[in-house]
Amino acid sequence: MSIIVALDAKSQYDALKIVEQLDPTLCRVKVGKELFTHEGPSVVKKLQEENFEVFLDLKFHDIPNTTAQAVCAAADLGVWMVNVHASGGRKMIETCVERLKAGNYQTQLIAVTVLTSMGREDLKDIGLDIEPVEQVKRLAKLTKESGLDGVVCSAQEAKILRELIGQDFSLVTPGIRPEGSNADDQKRIVTPKQAMLDGSTHLVIGRPITKAENPTEMLKSILASIA
């Protein structure tokens, strides 16, 4: 079990101010679209200089060759983990796996199933008249069959996916909120302890840590709750 701190920052300066208060031996960090678009690869390199392993959360989704090139570009940066959208299809994600293997990269590749902000009505709006958990199961199975390292899923789906896919597969879980935290824009949320019990391997936690008065103490408190 590991914690990935989502760096909810617009600038490299703000991101580095957050990680100044964190211990790289206790967590990894996630760089998302907003921060990466503002700062580019330099923010990844700066975080690595501070000894943090980086999950580059850009959710690539394009034609197979373009997506694979982007994934390999991320691997060239030395990131620990990168992700793609499983809904891009088998050919797209398998091409990414093949290119990473051909380049002898060690970067972990995972896939996004259904965004944690999406409910049944949201899926219906895009032509999928199905419960989110059923679509998650479909895409997780496709991801496993295609040779990826894991999926992003809500903790409420983790137990189901463990039974469906088995143990040798990472379940990276956003929507984690310690007891008493605001749900913000996440619809499918759960506590760190429950996520661990349900089979999640990596917990993505942002605002409860980054907006805390003392991020380090909050991180330690969360770690203690799942010890």
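From the backbone N, Cα and C atoms, a Cβ is placed for every residue, glycine too.
Other Cβ atoms within 10 Å of the Cβ of GLY206 (substrate binding site) number 19 in total over all chains. Among the features that Swiss-Prot reports, substrate binding site is placed at ASP8, LYS30, 57-66, THR116, ARG177, GLN186, 206-207, with the record citing sequence analysis.
Here Swiss-Prot flags LYS59 as active site, proton donor. According to its DSSP assignment, LYS59 (active site, proton donor) is in a strand. Sequence-distant neighbours of LYS59 (active site, proton donor) (same chain, 6+ apart, CB under 8 A from its CB) are LYS33, ASN83, VAL84, HIS85, VAL112.
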Kindly assign THR116 (substrate binding site) to one of the three DSSP-derived states: helix, strand or coil. coil
Which of the three DSSP states, helix, strand or coil, fits GLY206 (substrate binding site)? coil
